[in-house]
Amino acid sequence: MGVSRSTLRTEEIEEIREVSIFSQREIKRLYKRFKRLDKEEKGSINVEDFNQIPELSMNPMLPRIISIFDVNRDGQVNFKQFVKSLSTFHPKADKADKIKILFKVYDINNDGFITRDEIETILTMMVGSNLTKEQISSIVEETLNEADVNGKGKLDYPDFYNSIGSSGCNAENMLSISFNPFE
């Protein structure tokens, strides 16, 4: 699906339905929206194109999120990757899938652990200058103290998953984006 076409073939729609939460109708409408974003008609979009989506443009984590779904690591996301990424953030998407993505957002170097520096980097991206470095460091320290049950000084996926589940945070809402694929 590298080159942009005006319509999707039925087998392409079915293939995408298998890896997403969207209906056939929603996929067709998402394709129209994708084509509007793909102004150069190259069959893929980049970070700047994603910024044209109002529901995503204000998210300071957007470049990090896109990098997770950019499986080719070329700065481009094709339609299937686009739908799969939006599916993950659908309000009805599986909580465990959302937490896996959130873990990947924090695990910047993709080593399977979230370090103190990675938590600090992500937190800084989220709050900008609204908190001082000292406040951010305090939050990072508290997070590690509560979530790092084995005292490794970093979080593995089970630590992270358990801390999200026990923190009372609602991962379903936190990782949901309400958007209208019918625009």
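Using N, Cα and C of the backbone, Cβ positions are placed for all residues, glycine too.
Copied over from Swiss-Prot:
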BINDING   D107, N109, D111, E118  Ca(2+) binding site
DOMAIN    64-92  domain 'EF-hand 2'
DOMAIN    94-129  domain 'EF-hand 3'
LIPID     G2  N-myristoyl glycine
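With the fewest other Cβ atoms inside 10 Å of its Cβ, the least crowded of the binding-site residues D107, D111, E118 in this structure is D111.
Taking the mean position of the Cβ atoms of D107, N109, D111, E118 as the Ca(2+) site, the remaining same-chain residues with a Cβ inside 8 Å of that point are Y106, I108, N110, G112, F113, I114, T115. Secondary structure by DSSP for the domain 'EF-hand 3' (94-129): 26 helix, 2 strand, 8 coil. Listed in sequence order, the residues of the same chain lying 6 or more apart from N109 (Ca(2+) binding site) and placing their CB within less than 8 Å of its CB are E118.
Counting residues of the domain 'EF-hand 2' (64-92) by DSSP class, helix then strand then coil, yields 16 helix, 2 strand, 11 coil.
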